[in-house]
Amino acid sequence: MRVTRSQTGKTPKKPEYPGFVETPRARQPRRLPTDGNEVSSNSEPSTPPNKINVKSNGRIVDGWEEGKDPKVDYSGHFEFGGSWGVSAMMIGFPLLMWYMWAGATYYDGHLPLPEEGQDLLEFAKHLYNLCYRGAFPTLKAWTVYWSFFIFEGACYLWLPGVYSTGKPLPHEGGKCLTYYCSGVWSFYVTIAVTAALHFTGLFPLYTLIDEFGPLMSVAIFTGFIISIIAYFSALYRGAQHRMTGYPIYDFFMGAELNPRMFKLLDCKMFFEVRLPWYILFLVSCAAAARQYDQFGYVSGEIGFLVMAHFLYANACSKGEECIVTTWSVKAIFSRGRL
């Protein structure tokens, strides 16, 4: 008489973990149609891709507990030291930028330090006066910065590009957003327009160096203005995501997960490449233009910076469609940082 493994008690069993509830998976049909070219009209359609059957099982995904309100952060985790840490960064980093600008402009690249016999209060007033006189956000700086801002937004929307699909959003049942990527055309059109403005004399490129202080101040204030508008706009529209209940911390982390302007311009995709890397490349080109205008040549160091920043901005533009699936920015997209 044959003895089976079930009778001997040696049948392998699936391991059990106390307190663990497995997330149900979508069933996949295994039955094949009798004819490879025809499918019975009575067959039930399979579960569409990226469809997630959400049930409350206590599992937390990026701060959202499945089955509960996605507007609330249930993780209890705070990054950057919470409200105090993000407040220090929002105040400290702009001050650090003005401090470094003063050192580069008035201290020949050295750290600004109090003179002998000068107390800290007098030194702080001195730095304030330097920044007020040399980095005041003038009307010209606002015009230049926002003209570039609007121009890049138009390039984002209307120049040729490709579409990329983002990660499934668990709190929306696996919905995937579509991102328009026109970075390649935007980058080279920006170079062509900038070169035309420079060589025609309408806008010499080295103006970016001459007006660097005011432009930097405009960029700082613009960042705060856009962040404030985005934050309160999300609250007004009820589009907030993973809110902790601490306004300062939520403001820094971003209220909306995927903010889009008029449902067309994705803010995160736009700010990821076009403003930081294009501006950095143009500033390097402006330094080269100023050096050539004053001395009649471009040094090897400046040439190297222009080459390096061109290669980086070019690579970011060509790989823009990879941003949504790249790990280095996946955390930014999933946590809703702007």
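Quick reminder: no glycine exception, Cβ is built from N, Cα and C everywhere.
Look at TrEMBL and you will find 1-10 (among others) tagged as compositional bias 'Polar residues'.
The compositional bias 'Polar residues' annotation in TrEMBL covers 37-56 (among others).
Here TrEMBL flags 1-57 as region 'Disordered'.
Long-range neighbours of the transmembrane segment (80-101) within the same chain, counting only residues 6 or more positions beyond its ends whose Cβ lies under 8 Å from a Cβ of the stretch, are 112, 127, 131, 134-135, 212-213, 216-217, 220, 246, 248-249, 252-253. The feature transmembrane segment is assigned by TrEMBL to 80-101 (among others).
Marked as transmembrane segment by TrEMBL: 144-163 (among others).
Listed as Cβ neighbours of the transmembrane segment (184-209) (distance under 8 Å, sequence separation of 6 or more from its ends, same chain) are residues 144, 151-152, 155-156, 159-161, 215, 274, 278, 282-283, 285-287, 289-290, 293, 313-314, 317-318, 320. What TrEMBL lists as transmembrane segment is 184-209 (among others).
Beyond its flanks by at least six residues, the transmembrane segment (215-236) meets 94, 97-98, 101, 131, 135-137, 141-142, 144-146, 149, 208, 250-251, 254-256, 259, 267, 338 of its own chain at Cβ-Cβ distances under 8 Å. Residues or ranges marked as transmembrane segment in TrEMBL: 215-236 (among others).
Among the features that TrEMBL reports, transmembrane segment is placed at 269-289 (among others).
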